[in-house]
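Visitor: Next up is a structure, given as structure tokens.
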Amino acid sequence: MAATEKEIVDGLAEIVNEIAGIPVEDVQLDKSFTDDLDVDSLSMVEVVVAAEERFDVKIPDDDVKDLKTVGDATKYILEHQA
Amino acid sequence: MAKIKPSQGAAYARIMGVGGYRPTRVVPNEVILEKIDSSDEWIRSRSGISTRHWASPEETVSAMSVEAAGKAIADSGIRAEQIGAVIVSTVSHFKQTPAIATEIADKLGTGRPAAFDISAGCAGFGYGLTLAKGMVIDGSAEYALVIGVERLSDLTDFEDRSTAFLFGDGAGAVVVGPAKEPAIGPTVWGSEGDKSETIKQTDSWEAYRNGRPEKFPALTQEGQAVFRWAVFEMAKVAQQALDAAGITADELDVFIPHQANMRIIDSMVKTLKLPEHVTVARDVETTGNTSAASIPLAMERLLATGEAKSGDTALVIGFGAGLVYAATVVTLP
Ligand SMILES: CC(C)(COP(=O)(O)OP(=O)(O)OC[C@H]1O[C@@H](n2cnc3c(N)ncnc32)[C@H](O)[C@@H]1OP(=O)(O)O)[C@@H](O)C(=O)NCCC(=O)NCCS
């Protein structure tokens with residue numbers, strides 16, 4: 001079953017918490033991964049792979065650079081999930 | 001039909017000794033920063049590398065190999081003349097013929113062993129080890145020498161900010177010989193030629209000779225694609241090698257992945273869920289990425305510092321340009 005926007009944000013929050021140690025409540029739609037959440041370009045690769053597994057989506061390397069904020073990633077997953 | 005006698009080898013093979021050579025010149029990040037717009041902090045946080053060794057003109061592929069192999073032979077307790085095969089893995093020896101292995105074999109005083117070079121990038125050590133094990137068990141060599149050696153500084157574009165800080169030079173070697181118990185597990189290896197463009201030499205020698213690229217060819221890579229592949233696909237291969245050897249993560253003492261980037265190492269450790277007690281090689285910090293040399297160099301250092309000890313069970317995995325990979329479980333010498 002496709003995940004809702006809230007489920008995706010909650011899931012991303014858990015992933016970011018696991019990878020970068022950021023408190024889950026800090027992970028909000030408007031937050032930038034690199035500027036606000038201490039997720040650098042390599043951690044972002046880890047976040048993406050974890051999100052792919054969790055939400056059953058494929059996020060090619062070329063699309064990763066467009067996912068600047070939690071909102072961008074959430075929208076991408078909503079639109080591409082199987 | 002005439003009957004052919006089968007070859008007769010040892011029941012099992014083991015690594016009997018290890019040796020390494022690190023060039024004298026230590027190069028800190030400050031030197032890298034003279035040519036690229038970056039910072040010590042960025043390089044450390046993205047790669048974990050603080051220093052690497054660069055070879056001088058005298059520290060040739062041959063000279064470094066002879067030093068490392070000499071130590072490995074001494075460590076193994078055999079004499080050089082007993083060695084029946086010399087396998088040299090390198091991508092940075094700039095003369096294709098003859099193989100550098102024959103010169104190295106001669107300088108070591110080995111007699112007349114089979115000697116040849118292989119090219120398997122950062123998986124070169126595992127490829128060589130697998131060949132050596134096969135020879136010992138097959139009987140085509142009682143003892144085989146495997147050398148991983150690189151002068152990657154010769155293939156580095158010091159103005160390329162995505163690679164200038166990554167590579168280093170050095171040589172590592174092991175002697176493989178007969179064993180009464182299994183001490184080198186099944187190798188899980190392979191290639192993914194559809195990804196051959198992700199790590200490569202920028203231009204061919206032929207193109208360079210014809211004056212097409214002005215810059216000397218250098219190593220280049222799609223950093224994030226390689227990172228993703230290394231962290232997730234290679235963790236699966238590492239797990240397969242453990243399974244093939246019938247070893248659980250709990251039984252493992254040491255993890256020696258190819259020393260490409262500390263971030264890859266840390267991430268693999270997490271993905272593999274390695275328990276706290278497993279010693280992890282983190283030689284990349286002061287050695288950089290030395291491709292085929294990285295695993296034996298890291299192995300030697302762990303044994304020298306006492307972080308690992310003889311008889312420990314170690315998982316080794318190499319991966320790199322090709323793309324190619326090789327993983328196996330070994331008992332440390
Ligand atoms: C090389 C590697 C460290 C680069 O890291 P990366 O995060 O992929 O770097 P990117 O090129 O995507 O750049 C990310 C950001 O850092 C910047 N940057 C790149 N190189 C930089 C440098 N040397 N110093 C400072 N900043 C740099 C970029 O400009 C970019 O900034 P922006 O987001 O503001 O545009 C990394 O990709 C890596 O190690 N991959 C694995 C490679 C490997 O080990 N290969 C061998 C396997 S055998």
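From the backbone N, Cα and C atoms, a Cβ is placed for every residue, glycine too.
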Visitor: What range among B:24-28, B:79-83, B:259-263 does TrEMBL describe as region 'ACP-binding'?
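Guide: Feature region 'ACP-binding' in TrEMBL: residues B:259-263.
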Visitor: Go through B:Cys122, B:His258, B:Asn289, the listed active-site residues, and name the one with the sparsest Cβ surroundings, counting other Cβ atoms within 10 Å.
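Guide: It is B:Asn289 that, of the active-site residues B:Cys122, B:His258, B:Asn289, has the fewest other Cβ atoms within 10 Å.
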Visitor: Using a Cβ cut-off under 8 Å, which residues of the same chain at least 6 positions beyond either end of the region 'ACP-binding' (B:259-263) come close to it?
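Guide: Tertiary neighbours of the region 'ACP-binding' (B:259-263) are 46-49, 122, 166, 227, 230, 281-285, 287-290, 294-295, 297-298, 319-320.
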Visitor: Could you state the whole-number distance in Å separating the C-alpha atoms of B:His258 (active site) and B:Cys122 (active site)?
Guide: 7
Visitor: In angstrom units, rounded to an integer, how far apart are the Cα atoms of B:Cys122 (active site) and B:Asn289 (active site)?
Guide: 9
Visitor: Helix, strand, coil: count each for the residues of the domain 'Beta-ketoacyl-[acyl-carrier-protein] synthase III N-terminal' (B:116-193), based on DSSP.
Guide: 23 helix, 29 strand, 26 coil
Visitor: Just to confirm my parser: what is the rounded mean pLDDT across the domain 'Beta-ketoacyl-[acyl-carrier-protein] synthase III C-terminal' (B:242-331)?
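Guide: The average pLDDT of the model in the domain 'Beta-ketoacyl-[acyl-carrier-protein] synthase III C-terminal' (B:242-331) works out to 97.
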Visitor: I want to verify one value. Collapsing DSSP to three states, which class is B:His258 (active site)?
Guide: coil
